[in-house]
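Copied over from Swiss-Prot, here are the features:
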ACT_SITE  80  active site
ACT_SITE  82  active site
ACT_SITE  162  active site
REGION    430-465  region 'Disordered'
COMPBIAS  448-459  compositional bias 'Basic residues'
């Protein structure tokens, strides 16, 4: 009896504390009329509008929410549009034949229009500790949300979102924007602010720490002090995140057009180590090693390519970032084992990529390309005869040449610079000129294979067959 009373008291007290926290975090709801914001329906995907209109017509609340609203208010073009509603996932599926339900941790409806997917989420609610809540919401021992399918009201949903600037709701019914957490003011002031208690929210989902840094770099905003303070202390929580999810997050961080700024902030908040432990071991106090210079340069180059709408390949990014740890590993294996350098290099590739894949589940299709780029580095100086032409026929030659140029740039190595310049001229030359360049090479001729002489047989003794 005493235990039941104690549990009841704890439940009431925790609920009162939770409600008190919410009251502090939630300002009075602000409705921003059409004439006071920049969102226009012409800038919204037609398919997103179809979803909103059909949900409204069926009697459900429905709003555009998240990054789409944020970007529209900032005058940017959103990459995608998310919808939130009081309709359950099953109710959404009944309204749309082109819908499928996804996710176990967060149950979502994906309404598919060809290549475009409109994500529809039901308003999230708070866990009140009831038996039914325990079956639809689960936490790990470290506070991480393992499952969260408790539905609630729009007010609760606003509190459950991560950052205030992502908790703005656009209504297609009256063209207003609803703000429950002061997100509009933070957006105008350029502040990334977590909703609720930062440490609790980071423990629920440690990836929020990466998102804070990503949004700060992407939107050129600052992270509020209370949102930033716990990050270095809690950075190791990322070790509990599945490597496949961290791989996807790493691409969003480093290959979205703001990679260099994001990289600097990841280092500042101690978030780089859980993603790239191999690389972090080689960081220097001044940040001026060849490895750190090549990482900075490859990220700047990647940002420029994305701004110019050019293709980027994660395999090249990883090849550049892990190049100097690979060299050190190969040298160490060669010295300790007595293997030829080429064999030690092959073993080092395995070791470096195996460790990288333990924190980031880099797909095999990318690690294979990364290996190709690395192996070609050893062949770039061997240009005699037909080797140069054969090398240029390799599918990853261009990427390997780009890495060679990067190495020459960051190492300030005269020999590497001459080699990179030679390859640049060779690629741009006509076949007769290429032949002349090969003839002029001062390099030593390629070593010829020695013919193995037949062994001399011992003279036969008399009487033997």
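All residue numbers here begin at 1 and follow the chain in the order shown.
Glycine too: its Cβ is placed from the backbone N, Cα and C atoms.
Looking at residue 80 (active site) and residue 162 (active site), their Cα atoms lie 18 Å from each other. The local packing around residue 82 (active site), expressed as other Cβ atoms within 10 Å of its Cβ over all shown chains, amounts to 19.
In sequence order, 194, 195, 201, 205, 208, 211 constitute the residues six or more apart from residue 162 (active site) in its chain with CB-CB distances below 8 Å.
Residue 82 (active site) falls within a strand segment according to DSSP.
With a 10 A radius on its CB, residue 80 (active site) counts 14 other CB atoms from all the protein chains.
Mapped onto three states, the DSSP output places residue 162 (active site) in coil.
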